[in-house]
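What follows is a single structure, written as structure tokens, with notes after it.
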């Protein structure tokens, strides 16, 4: 026999032998121990409600759990989709349930609905990431950890009676690999029974043709296989929610009162509310929790670990150790870092060269501009000098003319001042002669 065959035989696990017990041992109480531990620890269940504002999400939650949850009134004017989680502690008999209801506020209210699903996907991934980080801790405490992973998404469909909106198809397609989707037709009392039946068939046909995987109630457990198979044929559930009590006959029932009659919430002839409650809470709640952990979370965890460099070993190869994975990832990181550093260095060198060329070009342009301005300045200076010389010549000529004029004016003034003096002398001479003549003549 070859060495490889010997290794294969030695590595094969032996078949366990079945033995009969000679008396009572006591490990048949393990289920009771598990139940007792689970009851002591309590349970958590997280519901995501996706649907347009005013479609009845809060009312249906109140009706499902037969209580009134305090919620804020949603507005139709939300700028974007916002996830609003609220956690409640519920007690039924001796079972404690930590219920978290996450409402997609503002879904479908925007004009541009292309990215309406993005905040929902990011929220679901964020809860997976939180759980993964808790698992990867050296000192982890999953027993006390508040698990916020979404266990079921109730997708509320507007009762148009025609077909699914493109927003519904795109959103459910983005969510089906991350969460258990149960589609429900809200406000089913607004359309007739015949239209409702056609609408259900139309919805399921569109989901199948577009490859949308919704949650199917499990049929592998014999205890619930029959009822789950029947309920799978009723999807999507057409529901009516109400917390008001109306008197019908001699008893009060939760119903909606209309002028034409009463729609009873828990009457299966009126709507599928009872079917939804049975499938969601009383029959398949634990399966929803298990599917979230074993299917959706494991898919997210596997993708994240593969991104970190971890991978499963083949049957014929040696298993990878954590140290080997770390070293391989470290080498990959260092080589990538070195490559990035070289790229950045080369980029820096190229940038420096480009900057030097730009600076030289700027320097040349500035030098040319300086020379041009220098020539312009010299030309302006020459013109100013010419203007100054012309102005000086004009000033000198003006001064010469002014001096000549002033000389002429002084001469004329002198001449005019001499003329009255002669006249006075002539008058005096004339008066003297006349007096002489007057004396001599008797």
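Numbering starts at 1 and runs along the chain as it is shown here.
Note: Cβ is positioned from N, Cα and C throughout, glycine not excepted.
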Out of 95-98, 99-102, 103-106, 107-110, which range is noted as region 'G3 motif' by Swiss-Prot?
-> 103-106
Under DSSP, the region 'G1 motif' (51-58) has how many residues in helix, strand and coil?
-> 2 helix, 0 strand, 6 coil
Fewest neighbouring Cβ atoms within 10 Å: which of the binding-site residues 51, 54, 241?
-> 54
Could you say whether, by DSSP, residue 241 (GTP binding site) belongs to a helix, a strand or a coil region?
-> coil
Kindly report the helix/strand/coil residue split of the region 'G4 motif' (186-189) according to DSSP, in that order.
-> 2 helix, 0 strand, 2 coil
Using DSSP, how many residues in the region 'G3 motif' (103-106) fall into helix, strand and coil?
-> 0 helix, 3 strand, 1 coil
Could you tell me which three-state DSSP class residue 193 (GTP binding site) falls into?
-> helix
